[in-house]
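As given in TrEMBL:
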type	residues	note
TRANSMEM	36-54	transmembrane segment
TRANSMEM	88-109	transmembrane segment
TRANSMEM	161-178	transmembrane segment
TRANSMEM	198-216	transmembrane segment
DOMAIN	259-287	domain '4Fe-4S ferredoxin-type'
TRANSMEM	346-364	transmembrane segment
REGION	468-488	region 'Disordered'
Amino acid sequence: MNRPDPIRPNPDAEDALFEKRTQVHPQRIDGNFRRLKWAVMIVTLAIYYITPWLRWDRGPYAPDQAVLVDLANRRFYMFGIEIWPHEFYFVAGLLIMAGIGLFLVTSAVGRAWCGYACPQTVWTDLFQHVDRFVDGDRNARMRLDRAPWGAGKIARRGSKWMIYLVISFWTGGAWIMYFADAPTLTVDFWSGTAAPVAYITVAILTLTTFVLGGFLREQVCIYMCPWPRIQSAMLDEKSLLVTYKDWRGEKRGSLKKAAKAPEEFGDCIDCNQCVAVCPTGIDIREGPQIGCITCALCIDACNRVMDEVGRPRGLIDYATLEDCEREAAGAAPKPVWKTLLRPRTLVYTGIWSAIGLAMLFALGTRTHTDLSVAADRNPPFMLMSDGSVRNAFTLKIRNMESRPRDFTLALDGLDDALMWTGTVPRDQAARSLTVSVDADQTRAIRAYVAAAPGTPAQGFAFLITSQGEQAETDRSDARFVTPEEAAQ
Ligand code: SF4
Ligand code: SF4
């Protein structure tokens, strides 16, 4: 069979920048994959719209929103986890895991992300259900498209676009709820006292959802999204793809024609149902193409047709290129588990799991106490009136718990030295001091360390320990600089 180039499916369109768009009106279909698509759509939309309203008690000093990107205080809260700016590697790790997860899914089952969970797919699917609800199924919508503009058409179009707009506004509105306390922001938003950036963000997201989901739809997948181009590097002859089994279906022909010369015709009765249900409007019988998002609705449609005409299911099915060749030669396909569990997918799974476990380990063992030290460089030391040498440092003590805590700040090494701070006078200098830090805050303090005349330059460390049973510690190395060392 003559298969088209998947990158440029229509060779006749050589000189055109874009192929002329044919409006897609997917037909209602029921089946296993459609039900899976329903389930994924409901779960992903529910997660998106409901998550900002979930509460999570973190005590009186931290917000009680379960998932919150607190830009003002530079924190990311996700249920029991709080990520500080210096822990951004956790977010980077999550992004890397998402990328590798996408590689894994694509190499195993093709563009399943595109077909089920991509936001463009989910919102387009939602808007297509609105079309069906307002205008009826495929044939009714096609008739309405062709009908001249009149009161009825204007009313239908107006009500449909109004529903699009409400969904789009809801989508933009839900997004900003991730960046502030949702109930408070809702009140501020409707009373006109929210920050201008909130209104601008909602306006931009409402517009993009309305246009991309309501009107551009499959054009985004075919022309705007880079992912279909990238995915071709991840697919191989062992990847499962939605495939029309042309060796079984061809030569296609109606039941009537096939009844007259059964030996001439294959199983495809050319009913066009697989095309009618396709959300991107392509004909999978023309081979793999960039417009196929692997949603598998054509499998549901064709299986139903096969049931009706009494032929075996699976004329359109998930299959690998290898299996296609095997089946075409009359052999049995490989079991699906062997296709899924192959070296490439196992390597991706191994890397993905290793990163996940490393992050879980890092999360489980991290302390909520952090100390960083910066020494004064100019001047690096001061000679005191009694002949002792003083070095000055800026210490940052981070209390990453949502309660105020007292810490013991101590010198480790530099045996005869004493320390005081901006709030503890020199006459109370000691080797260890108590420092209080507010809940979920970083406190910067000036620390002065003085040692007796003749003390040699040497390394030492500041050590902090949270008071109480918890006794979390952190240390930061420093160097005591003397006039002799500075002169060298
Ligand atoms: S060809 Fe089939 S799997 Fe591909 S997008 Fe159309 S309906 Fe979905
Ligand atoms: S639904 Fe099946 S039988 Fe009908 S045209 Fe498509 S492949 Fe052929």
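Cβ atoms are placed via backbone N, Cα and C, with glycine included.
Unlike curated records, TrEMBL annotations are generated automatically.
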The transmembrane segment (161-178) vs the transmembrane segment (36-54): 3 or more CB pairs under 8 Å | yes
For the domain '4Fe-4S ferredoxin-type' (259-287), would you mind checking the mean pLDDT of the predicted model?
-> 95
For the region 'Disordered' (468-488), jot down how many residues DSSP puts in helix, in strand and in coil.
-> 5 helix, 8 strand, 8 coil
List the helix, strand and coil residue totals of the domain '4Fe-4S ferredoxin-type' (259-287) as derived from DSSP.
-> 12 helix, 0 strand, 17 coil
Which residues, given as numbers and ranges, are at least 6 beyond the ends of the transmembrane segment (88-109) yet have a Cβ under 8 Å from it?
-> 76, 231, 234-236, 239-240, 294, 318, 339-340, 344-345, 348-349, 351-352, 355-356, 358-359, 362-363
